[in-house]
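S.K.: Straight out of Swiss-Prot:
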type     : residues : note
DISULFID : 27-42    : disulfide bond
DISULFID : 34-47    : disulfide bond
DISULFID : 41-65    : disulfide bond
DISULFID : 49-63    : disulfide bond
SIGNAL   : 1-21     : signal peptide
């Protein structure tokens, strides 16, 4: 009986881990931030990163999912 309960508990834990991993793999849509997970943009998109400056001082890097083969230029 103890073995059966232990096996059921292990299966539940494994299932929860798999569900959590699937949620982390969910793709990031267009124009959403991908700084922490650059490989998770939806198909047809790429994670493009920019270094942000405020008054000449670097304030970190931010990344966004954008369309592949699209180039953005400053105005």
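For all residues, glycine too, the Cβ spot is worked out from N, Cα and C.
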S.K.: Using a Cβ cut-off under 8 Å and a sequence separation of 6 or more, which residues in the same chain sit near residue 47 (disulfide bond)?
M.R.: 28, 34, 38, 39, 40, 41, 63, 64, 65
S.K.: Return the residues near residue 49 (disulfide bond), defined as same-chain residues 6+ apart in sequence whose C-beta is under 8 angstroms from its C-beta, sorted by sequence, else 'none'.
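M.R.: In sequence order, 35, 38, 61, 62, 63 meet the Cβ cut-off.
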S.K.: Looking only at 27, 34, 63, the disulfide-bonded residues on record, which one has the least crowded Cβ, with the fewest other Cβ atoms within 10 Å?
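M.R.: It is 27 that, of the disulfide-bonded residues 27, 34, 63, has the fewest other Cβ atoms within 10 Å.
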S.K.: Just to verify: the residue among 41, 42 with the fewest other Cβ atoms within 10 Å, which of the disulfide-bonded residues is it?
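M.R.: Counting other Cβ atoms within 10 Å of each of the disulfide-bonded residues 41, 42, the minimum falls on 42.
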